[in-house]
Amino acid sequence: MVVRPYNEELKYLEKISDCCWRIKKEFQPNMKVEGCFYVNSRLERLMLEELKNSCRPGAVGGFLPGVKQIANVAALPGIVGRSIGLPDIHSGYGFAIGNMAAFDMNDPTSIVSPGGVGFDINCGVRLLRTNLFEKDVQPVKEQLAQSLFDHIPVGVGSKGIIPMNAHDLEEALEMGMDWSLREGYVWAEDKEHCEEYGRMLNADPSKVSLRAKKRGLPQLGTLGAGNHYAEIQIVDEIYDKWSASKMGIEEKGQVCVMIHSGSRGFGHQVATDALVQMEKAMKRDQIETNDRQLACARINSQEGQDYLKAMAAAANFAWVNRSSMTFLTRQAFAKMFTTTPDDLDMHVIYDVSHNIAKVENHIVNGREKQLLVHRKGSTRAFPPHHPLIPVDYQLTGQPVLVGGTMGTCSYVLTGTEKGMNETFGSTCHGAGRALSRAKSRRNLDYKDVLEKLEEMGIAIRVASPKLVMEEAPESYKDVTDVVDTCHIAGISKKCIKLRPIAVIKG
Amino acid sequence: MNVSTTVGHNEDNNNKFVNKLLGFSVADLDHTADVQLHAWGSSLQEAFEQCGMAMFGYMTDLDYVSIEHCFQLEAKGDDIEGLLFHFLDELLFLFSAEPFLICKKLEITKFDLENYEIECRCYGEPFEIGKHPQGTEVKAITYSAMQIVQEPERSHYEVFVIIDI
């Protein structure tokens, strides 16, 4: 790694618009394309501070600063366009979280990298709407939160309650939400409102280790821990009335449920297994990277193909997982209001994947190309009229669900043509951590955090209360800054703001 | 390699989980997505055992765990880092699937640094919500900034591993 004083480093960065910076090719060795990142003034400070800290002599630690990581990704074989950092970017394993990069499928040297997807494959967000309003839910908020907490298994060591055996799992891995539909856990129209219709067709469970399946089986239908949550949210603001109405959101005060979860231990193990395999493939194919954590394999190699098929199985697992929790959520609401989920109009507005690699067609330098698009902590945001978005959203653009953190707002955005051109149809995914877990724990007390949430009128049910400091709003970037940056940059458009009134987490 | 810097950030941290008696600590780096396990012992074998315990200590409070069962585990690697990686990955697997074991004590019975093989007895009980407090979920073991410090002349061995949570 090139180590220079901070002032020197800054020479390789250039602000090209109000909220976009360019990373020049000489910033890191072997950069094949430039990098860029989107930030407003507040996020810019965080970004540059991180770089500055890493330039201090004697700095040691696990991960490089986000901007270095963007640049190292720009040095991977086969990358096209730019390596792009979204406003919620923060450093992660190999790729920064909030980094997207696209690789040319027709270039035989192009790579696929599990670090560009993340350990939690197809981690994503699903939003359900209801026809309830805040006044209906406020009086029973605590009971409803408790009921959701009782219905959805959360936290470390929790086990799923959806009956599953090894044979069912094989089918679920292959079929994704088609399995959930066949088993009666979801509605047919739910599938319409998912990326890939809730099923990646190239999934091949035979490419998945027994170990991953054993980790996955007991965890299907569980929320997990860390930053995963289920929230009851209220529509707080509607910026785009017409698009919102296409999503079934008519008025402020309407109640929604957001579920943020992924592929659990199954996906974690698929990623771990692939990283081990790819270390070997890299030596064999002499793939050079700037950072050992950027383990990768050629897309066309055995390891590359195996990973894509196993990753697709993990993606299907995640959809079945979110679908199972959708089922449990509908049950909890139906019981509380002694009616049916149908009568509560509990439709899936949309379901996004923010840790995934997908084959997509994009225009690069005026020509259509087939690309493998890695989005790690980044959400697909396709514009209106794109063939891969459902009929209901053909005129609005794809809904993009941006989850906040415990106690803060969440947003629904829509995809734009500008985003399609500038960022391969990608935008932010959430708040993005600002403080390390260590700092959060040093500076915050869990009782204060819980009290503050209570003051804000938010009911909370959490499996490990002592860890809530790590997920406290203070530990994250301001999600409003993140979303505003995307909106101003034009890579997606604000549609709805949601505020939580109850949080369930691990 | 400056080991003391890595953990130095956290000395004032009241919440830091240090078990002097057992010989491990769980220290968070000043980074945004990771936790570093730091374990030590008078032999490398002991440092490995303690590193495993550090991971379990992050998942629950070990005071609530009793020894009910013993499971035998084997791990292999291509080099010493690989051995540590796979040893921890096996332990994580023991917790994540049948028998869902949370360990109170680890005893490495075979520690072969020529073929990089470990056999270990794992003592503990199946994780049970209600009995064992829920801590943090470990997603994966990583090679990121892994350090294995060996100072045989003063019988001092240390390992640092970053886990993804």
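Just so it is clear, glycine is given a Cβ too, placed from its N, Cα and C backbone atoms.
Going by TrEMBL, these are the annotated features:
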BINDING   A:ASP120, A:CYS123, A:HIS228  Mn(2+) 1 binding site
BINDING   A:CYS123, A:HIS260, A:HIS354  Mn(2+) 2 binding site
BINDING   A:227-231, A:354-355, A:403-406, A:SER410, A:429-432, A:LYS505  GMP binding site
ACT_SITE  A:HIS429  active site, GMP-histidine intermediate
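By a Cβ separation below 8 angstroms, chain B lies close to these of the binding-site residues A:ASP120, A:CYS123, A:ASN227, A:HIS228, A:ALA230, A:HIS260: A:ASP120. In sequence order, A:GLY124, A:GLY224, A:GLY226, A:ASN227, A:HIS260, A:SER261, A:GLY262, A:SER263, A:ARG264, A:ALA318, A:ASN355 are the residues of the same chain, not among A:ASP120, A:CYS123, A:HIS228, whose CB sits within 8 A of the CB centroid for the Mn(2+) 1 site.
According to its DSSP assignment, A:HIS354 (Mn(2+) 2 binding site) is coil. Ranked by how many other Cβ atoms sit within 10 Å of their Cβ, the binding-site residues A:HIS228, A:HIS354 place A:HIS228 at the bottom. In this structure, the C-alpha atom of A:CYS123 (Mn(2+) 1 binding site) lies 10 angstrom from that of A:HIS429 (GMP binding site). Taking the Cα atom of each, A:ASP120 (Mn(2+) 1 binding site) and A:HIS429 (GMP binding site) are about 14 angstrom apart. Within 10 Å of A:HIS354 (Mn(2+) 2 binding site), as judged by C-alpha distances, the binding-site residues found are A:HIS429; the full candidate list was A:HIS228, A:HIS429, A:GLY432.
What surrounds the Mn(2+) 2 site, by Cβ distance within 8 Å of the Cβ centroid and not counting A:CYS123, A:HIS260, A:HIS354, is the set A:ASP120, A:GLY124, A:VAL125, A:HIS228, A:SER261, A:GLY262, A:VAL352, A:SER353, A:ASN355, A:GLY403, A:HIS429, A:GLY430 from the same chain. Recorded residues A:ASN227 (GMP binding site) and A:HIS260 (Mn(2+) 2 binding site) have their alpha carbons 8 Å apart, per Cα-Cα distance.
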